[in-house]
Amino acid sequence: MTTGKPNILIIMVDQLNGKLFPDGPADFLHAPNLKALAKRSARFHNNYTSSPLCAPARASFMAGQLPSRTRVYDNAAEYQSSIPTYAHHLRRAGYYTALSGKMHFVGPDQLHGFEERLTTDIYPADFGWTPDYRKPGERIDWWYHNLGSVTGAGVAEITNQMEYDDEVAFLANQKLYQLSRENDDESRRPWCLTVSFTHPHDPYVARRKFWDLYEDCEHLTPEVGAIPLDEQDPHSQRIMLSCDYQNFDVTEENVRRSRRAYFANISYLDEKVGELIDTLTRTRMLDDTLILFCSDHGDMLGERGLWFKMNFFEGSARVPLMIAGPGIAPGLHLTPTSNLDVTPTLADLAGISLEEVRPWTDGVSLVPMVNGVERTEPVLMEYAAEASYAPLVAIREGKWKYVYCALDPEQLFDLEADPLELTNLAENPRGPVDQATLTAFRDMRAAHWDMEAFDAAVRESQARRWVVYEALRNGAYYPWDHQPLQKASERYMRNHMNLDTLEESKRYPRGE
């Protein structure tokens, strides 16, 4: 039975560099399932995160709002229950909504519109990872990134992250089977299942069978070598110091092994994606299901000597986005887009009036773009977390990228002429066009942001959370970490059930 609305499968991964997906996965990646998905997808070449860090990126992804609006500035900022997310919009429209995997919600609300959450999260839900602008330069050792992920890169058959993602995939597939059993029910609802993996996020450790795929890989060396600390821009210097770079001797072999493990973990994820699509196919739901593949932010992978994220360079800020399914014409789109566009796009595809969604989002629907009408709005990004001493903002429009922080010199890059972002045109304009472009971006920035107010809001949020966190660590502790609930008496075979009805209802397809 069809409801007239598409089912939706969102596959989200963590820290996947968008430069590796120029038109689907790069040729050298062993990713047959993602390559097959790309062939039938609308592919967005220049898609960007709203903020290059997990929790703010994901909160913005779900709401379609910038961090300055969600107030999820960092990995320990509470996500308020009153903020509408795509799960809320779809649920209002009659969808069943569920999450398997990571979303890094901070605070007592661990659902944010999802009716069901199949797993716990992999990261803490409390305020413990709060940075502190009052102490610039302080390195909080027990949770800040360090380069141990790079020097320790290699092979393992099980890790904390593998254990998590194996569970995420298993429970997601089980949920798809359960949903397929309802296909013939007159009262069934369309569904939106979000499956959110933590790979290929560091640590850079991969299973042997995927590691071996990249034995002869020619892409294990960064395009831009390590830039000395004193030649880096100020924010990159702060990132290096926050990652404790001076206490790690990162060798060329460490870099190669880290990148190899990262590529291997893309192949690991590809296998998981293949399992999900295979389940959709065998349960006859594929043709009625929209599939959206995305990442929260990227990873620098040693380019410029930088690792992880936390900046607006392409490796950190640019992320894959592919959408496949009924009504979606396959093709490559080059106009810059944003993860903020996902919520209005999902609403549009689900037949929800955008007038109901527009007040609650900073993004735009990509459906017109898929149908040939280009997106014209600039792409906005923000960062106000560890390694920053004041908020940073960025604007991507046309071939240009502009970066601003009140503490630092401005940056302007021409990404057509300088895709590796080696020439800052704000410092060395080539002529009047560059100067006029810089002036236009300054005006745009002033129109979009009150940087003093932004900074004050971040500082107030951090200070409040430090007070609350220290208090809650004294005495009895009530965790906010999500605990999935299962009713054992309603599973499998129990004496209060009609066993004949049970066996028939659990079978799908039936009568074959």
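Here the Cβ of each residue, glycine as well, is placed from N, Cα and C on the backbone.
In sequence order, Asp14, Gln15, Asn75, His104, Tyr123, Asp296, His297 are the residues near Cys54 (active site, nucleophile), counting only same-chain partners six or more apart with C-beta under 8 A. Residues or ranges marked as active site, nucleophile in Swiss-Prot: Cys54.
Other Cβ atoms within 10 Å of the Cβ of His104 (active site), summed over all protein chains shown, number 25. Secondary structure at His104 (active site), as computed by DSSP, is coil. As annotated by Swiss-Prot, active site applies to His104, with the evidence given as similarity to another entry.
Sequence annotations record features per position, and here Swiss-Prot assigns Ca(2+) binding site to Asp14, Gln15, Cys54, Asp296, His297. In this structure, Gln15 (Ca(2+) binding site) belongs to neither helix nor strand by DSSP; it is coil.
Annotation source Swiss-Prot lists 3-oxoalanine (Cys) at Cys54. In the three-state DSSP scheme, Cys54 (active site, nucleophile) falls into the helix class.
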Lowest local Cβ density (other Cβ within 10 Å) among binding-site residues: Asp14, Asp296: Asp14
Secondary structure of Asp296 (Ca(2+) binding site) (DSSP, helix/strand/coil): coil
Extra residues within 8 Å (Cβ to Cβ centroid of Asp14, Gln15, Cys54, Asp296, His297), Ca(2+): Val13, Leu16, Thr49, Leu53, Ala57, Arg58, His201, Ser295, Gly298, Lys309
